[in-house]
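*Asks:* Pasting a structure here, questions to come.
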């Protein structure tokens, strides 16, 4: 892999984007991110939610006797409140969850260390987007090619670059690195836009802004990220 493309790969990794090198290809990388189908927010595969109500795991212990909360870093597995000695379990934090309001269900979850105990049958991976609540996700993926220039980007030169590198898919994207007074400016153009575009502008001084363009998040009204 050439140095310019390698630097682009590292920049994507630094912005929490997964990067892969296609078999038998050295002129491009594949970048992908698991996102919500509805709003585009990153789908947090490392998070878990309550089986009963969907509340996120806040990673706290709770005494099953007095209700005192503890950080998971607590070395003790029993409550330190004087005269209590209750057992620390990982309950759902939603006070209206039936794992707290229904005695039979609460007893069943507590016996397994709480809803969020690693060995509990009620501990499930994230099933809802943390931003909009959607249940659908997908991998948004691009095949990335790097084009570096010290002069104003030229559409004809980019078309020739695309032809030489055999770009042919809507997922193929050219990342443009335009060096101006020793300062790098970034731009991009999808293969699908090459024939209809007559002018290229490189408007991003930060690579993270370019990533936000490729993986936009459309926050629904009345929802705060």
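The backbone N, Cα and C atoms fix where each Cβ goes, and this holds for glycine too.
Feature table excerpt (Swiss-Prot):
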- 36-53: zinc finger (ZN_FING)
- 63-84: zinc finger (ZN_FING)
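Describe the structural surroundings of these features, if you would.
*Replies:* Confidence over the zinc finger (36-53), given as mean pLDDT on the 0 to 100 scale, stands at 90.
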*Asks:* The zinc finger (63-84): which same-chain residues, six or more beyond its ends, come within Cβ distance under 8 Å?
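*Replies:* Result: 91, 110.
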*Asks:* Please count the residues of the zinc finger (36-53) that DSSP assigns to helix (H, G, I), strand (E, B) and coil.
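*Replies:* Across the zinc finger (36-53), the residues distribute as 0 helix, 5 strand, 13 coil.
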